[in-house]
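Trainee: Quick one: this structure, given as structure tokens, is what I'll be asking you about.
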Amino acid sequence: MIIRSPEPEVKILVDRDPIKTSFEEWAKPGHFSRTIAKGPDTTTWIWNLHADAHDFDSHTSDLEEISRKVFSAHFGQLSIIFLWLSGMYFHGARFSNYEAWLSDPTHIGPSAQVVWPIVGQEILNGDVGGGFQGIQITSGFFQIWRASGITSELQLYCTGIGALVCAALMLFAGWFHYHKAAPKLAWFQDVESMLNHHLAGLLGLGSLSWAGHQVHVSLPINQFLNAGVDPKEIPLPHEYILNRDLLAQLYPSFAEGATPFFTLNWSKYSEFLTFRGGLDPVTGGLWLTDIAHHHLAIAILFLIAGHMYRTNWGIGHGIKDILEAHKGPFTGQGHKGLYEILTTSWHAQLSLNLAMLGSLTIIVAHHMYSMPPYPYLATDYATQLSLFTHHMWIGGFLIVGAAAHAAIFMVRDYDPTNRYNDLLDRVLRHRDAIISHLNWVCIFLGFHSFGLYIHNDTMSALGRPQDMFSDTAIQLQPVFAQWIQNTHALAPGVTAPGETASTSLTWGGGELVAVGGKVALLPIPLGTADFLVHHIHAFTIHVPVLILLKGVLFARSSRLIPDKANLGFRFPCDGPGRGGTCQVSAWDHVFLGLFWMYNAISVVIFHFSWKMQSDVWGSISDQGVVTHITGGNFAQSSITINGWLRDFLWAQASQVIQSYGSSLSAYGLFFLGAHFVWAFSLMFLFSGRGYWQELIESIVWAHNKLKVAPATQPRALSIVQGRAVGVTHYLLGGIATTWAFFLARIIAVG
């Protein structure tokens, strides 16, 4: 840490009334671009309008103006999020069986949507139990509401209205900070201030207030709910806050107030700030007292972190100093120059944030099932499967987005003249080594992982089970994974002596938590089948990385096209007369990377879905005998490609295929429709622009004959537009097909 004289204080950080509010301007399509504002000559105009509306770089080159637009757009985004949340809470208040579910969460399904009877649509309202007819929801909102202490639909109404007010506030803020008081560029670039406020404010105080809410409201209410008290009898949230005796009845140390805190006698608080590990056997969720303790600890950490960076007081860390001091023996100038990149290129900044947020989202997916945080979440199999699938897809998209914006940074913001021998320059200089090695890894992983399956299929077909790779023949046990599992299972007695159980039941240790006769979680065994599919995961992760990284590292130049930077981020080919230069733009790498991201995530969610149904989810008898949904068939069936097709895709598709005439029929229709959307994408991906232009001209001729030709000249989609439409429908169709397949299956059997 360096102590130096105070920084010169920045006085005026905003411009007043920089841009007048003009509805006339907003009403004019394409007002942000001289070309588009002229109006349409051809149908390409509408595509350009959509492509460039949010590409602020194309509106102006003034970084301050771009920053203000992005900042303002963030408020718009927050407004939409609040609106969405408000809708969710309103549905919970108006159309749901939340209060009934609260009284019996194990036998009543969550529902917050009732379909109107139009032409037989009432068939979609299934019986979710408790005399309620509706669509079973799988978002996990009911479980979150219970965990936060919501006991009535009135409280949901109030929260929904509160979210609407916040949405309006955000819309106002977006307008105000662009038109009335717009921050100067220096404000956006003041990273130390930003870090302090985000760390201490958002994460620190945010976690602290949540911990406070949990201790004062959630814990007592959940204590009553777990004991079977009728929600209408439970005191309201404000009563605990105003009346300490209510809390003291449940947690006696509350009677002492803050005395133990100031006398450092903190163990007094261990009644409601626990360190138990494992799951609450009543609800099948993490101990809420553990969660409160966790948020309090996180709050302390981030409140400290929010005081580490140097602002007006001349004390603390400076990010530029930290980055420039970051040199290794083999890294030349190290991180020198990165500070300038990250404060002048929002694409570079966004790229890092997307990569980290995407990875974090995937980590969330894995923790939601292994450490289910909310009461009765673990036994709601449809919600568990939905949450895992959702977070995996989102994570995949965010990571591809990271590569996209890294490439845009390379094309638009990277200045090679003042970058020499820093880390980025060194990576770019040995990009051939990186990409060729990565290519080798992909080929190795692809052939070997798939080869293991093909070997098994062949041996199985030839009737030689003793020669297959399986737990009963030639074993390929994941020994490292099993060692990690075992280490964690033993942790409570050894490395974490304060804990009573390990962080997750999945590690092992033999104990099982069941709620209402359903398995919440148990130790997950790993064997040869998992070893095989994990190598497919390794393969399908490395391929999109290869494609995307190649796109970033060769975004500005390559041996094939040395002046690629001049052609921009997206272009179809390097002009006429240069054959073999199509699909080389950075945009095309993102386009191709998306398909492999789709492959990668699909394998992960298939693996998860089948593994959980086979080895975890199921019912438990009074004698303690567990019957899994698919009876433990994963270990022997998933070791061949044929097994995946026959015992997973085909066997488990029976519910969605046979859903017609039942309350699940919407999933059957979606399954059909999404297949159609997916197939529709192939029309865009497999045909060229000229084919359609020819067809269009013949259709225009017919219109001219009938004197109904439009003034705007119809044009075929450009090559890039066609690919964009194609990949969108491919992903949308594929994801919606999987969604219908998963939900019809798990709602029927779960």
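Placement of Cβ uses the backbone N, Cα and C atoms for every residue, glycine included.
Feature list, courtesy of Swiss-Prot:
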BINDING   Cys573, Cys582  [4Fe-4S] cluster binding site
BINDING   His675  chlorophyll a' binding site
BINDING   Met683, Tyr691  chlorophyll a binding site
BINDING   Trp692  phylloquinone binding site
TRANSMEM  70-93  transmembrane segment
TRANSMEM  156-179  transmembrane segment
TRANSMEM  195-219  transmembrane segment
TRANSMEM  291-309  transmembrane segment
TRANSMEM  346-369  transmembrane segment
TRANSMEM  385-411  transmembrane segment
TRANSMEM  433-455  transmembrane segment
TRANSMEM  531-549  transmembrane segment
TRANSMEM  589-610  transmembrane segment
TRANSMEM  664-686  transmembrane segment
TRANSMEM  724-744  transmembrane segment
Trainee: Are there at least 3 C-beta pairs under 8 angstroms linking the transmembrane segment (589-610) and the transmembrane segment (724-744), leaving out pairs fewer than 6 apart in sequence?
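Mentor: Contact between the transmembrane segment (724-744) and the transmembrane segment (589-610): present.
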Trainee: Give me the Cα-Cα distance between the residue listed as 'phylloquinone binding site' and Cys582 ([4Fe-4S] cluster binding site), rounded to a whole Å.
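Mentor: Here the two Cα atoms are 19 Å apart.
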Trainee: Report, as numbers and ranges, every residue of the chain located at least six residues beyond the transmembrane segment (156-179) whose Cβ falls under 8 Å of a Cβ in that stretch; write 'none' if there are none.
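Mentor: For the transmembrane segment (156-179), the nonlocal Cβ contacts are 17-21, 68-69, 71-76, 78-80, 82-83, 85-90, 92-94, 98, 145, 150.
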Trainee: Which ones in the same chain are close to Cys582 ([4Fe-4S] cluster binding site), with CB under 8 Å and 6+ residues apart in sequence?
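Mentor: Listed in sequence order, they are Pro572, Cys573, Ile719.
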Trainee: So, in DSSP terms, is Cys573 ([4Fe-4S] cluster binding site) helix, strand, or coil?
Mentor: coil
Trainee: Taking the Cβ of His675 (chlorophyll a' binding site) as the reference point, list residues of the same chain whose Cβ is under 8 angstroms away and which are at least six residues distant in sequence.
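Mentor: Looking at Cβ-Cβ distances below 8 Å from His675 (chlorophyll a' binding site), excluding near sequence neighbours, one finds Gly733, Thr737.
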Trainee: Which range wins on Cβ pairs under 8 Å with the transmembrane segment (291-309): 195-219, 346-369, 385-411, 589-610, 664-686?
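Mentor: Against the transmembrane segment (291-309), the leading stretch is 195-219.
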Trainee: Would you mind listing the long-range same-chain contacts of the transmembrane segment (664-686), meaning Cβ under 8 Å and 6+ residues beyond its ends?
Mentor: 123-124, 126, 135, 655-658, 717, 722-723, 725-730, 732-737, 739-741, 743-744, 747-748
Trainee: My understanding is the cutoff is Cβ-Cβ under 8 Å with a sequence separation of 6 or more in the same chain; which residues meet that for Tyr691 (chlorophyll a binding site)?
Mentor: none
Trainee: Looking only at Cys573, Met683, which of these binding-site residues has the biggest number of Cβ atoms within 10 Å around its Cβ?
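Mentor: It comes out as Cys573.
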Trainee: Within 10 Å of the Cβ of the residue listed as 'phylloquinone binding site', how many other Cβ atoms can be counted across all chains shown?
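Mentor: Counting Cβ neighbours of the residue listed as 'phylloquinone binding site' within 10 Å gives 17.
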